[in-house]
């Protein structure tokens, strides 16, 4: 799978540009502020329907215009091309408060039908938030990756978030009534409502935790290899699922193989742990008016040779670890689907030493489509198996 061409209209600094793209390595060359990251962002938005820089859609629209537009021609794989031609046209209309995805010029009602058509893996400097940032950034990484490998996960997560919003609304309403004195404690009806919400959240939350752990363990195999061999690091990089319901690893055993988890006994054990956590925290949830335990509070614990990478790792170690995570996702995707996602790398070479840059380019010489931004010419001698194209963004053609 690869992106054959992209049209960018009224997006960031681009008024109207069309780019013909190589199926191999695309080097985006130009000085700072020439639009390299903007082009990477456009491809990312076309793929993911969201930016890696901002949640505000209005910031993506060129100043002085009312809406932006992206369109790309994707050479689609057989896996996702059923019902479409081998070349699929994806497009996104961007307005200040909404985006409109289209497949072959027809509106797409569900993101879950759109997102698999152009899978991308993106590495940008801000991805250090995967290590240094809040748990939400690591949950997004988990959820996006898990969905790519377990398509039914989308429905689980959507239903869970809907139920969570409903339960939280009920908690807030009850708390407000208690504060104004119109209600104290929980009557029988209120207790029954919370029992229903908790039971449903427990079922879906347990399924989500199970799938996340399966994805994380599959990813771990590649992370270890890439971090040690490809990126030349002597330390050991480990990923651990950290759940707000308790120590899930104690249920399955540390180091147990969970990839084939479909066993009812393990699933029920997670549900039991979930149930215990819900009952343990219920009184506190009533006091604060929000749900305090569940899949929406979980995290990844990233350790380097047994120590917290967030607390003890240098910025160089953290950056290399994040790159290993992204490349591991690429390798895992190939293992499952026998094709690569499109890889987007923003200014990665300036942050790596010469040895790791050489190792990176050897890894990229594998048949995948890659976009890499740089301010200077690169040593591409390790790249022999894939075509290379240079897109010079120092020439203002917008």
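Easy rule for this one: first residue shown is 1, then count along the chain.
Heads up, the Cβ atoms here are built off N, Cα and C, so glycines get one too.
Feature list (source: TrEMBL):
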| type | residues | note |
| --- | --- | --- |
| DOMAIN | 2-376 | domain 'RecF/RecN/SMC N-terminal' |
| BINDING | 30, 31, 32, 33, 34, 35, 36, 37 | ATP binding site |
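When the binding-site residues 30, 31, 35 are scored by other C-beta atoms within 10 Å, 35 scores highest. It is 32, among the binding-site residues 32, 34, 37, whose Cβ has the fewest other Cβ atoms within 10 Å in the structure shown. Within 10 Å of the Cβ of residue 33 (ATP binding site) there are 10 other Cβ atoms, across all protein chains.
According to DSSP, residue 36 (ATP binding site) is assigned to a helical segment. Long-range neighbours of residue 36 (ATP binding site) (same chain, six or more residues apart, CB within less than 8 Å of its CB): 28, 29, 30, 346, 347, 373, 374, 393.
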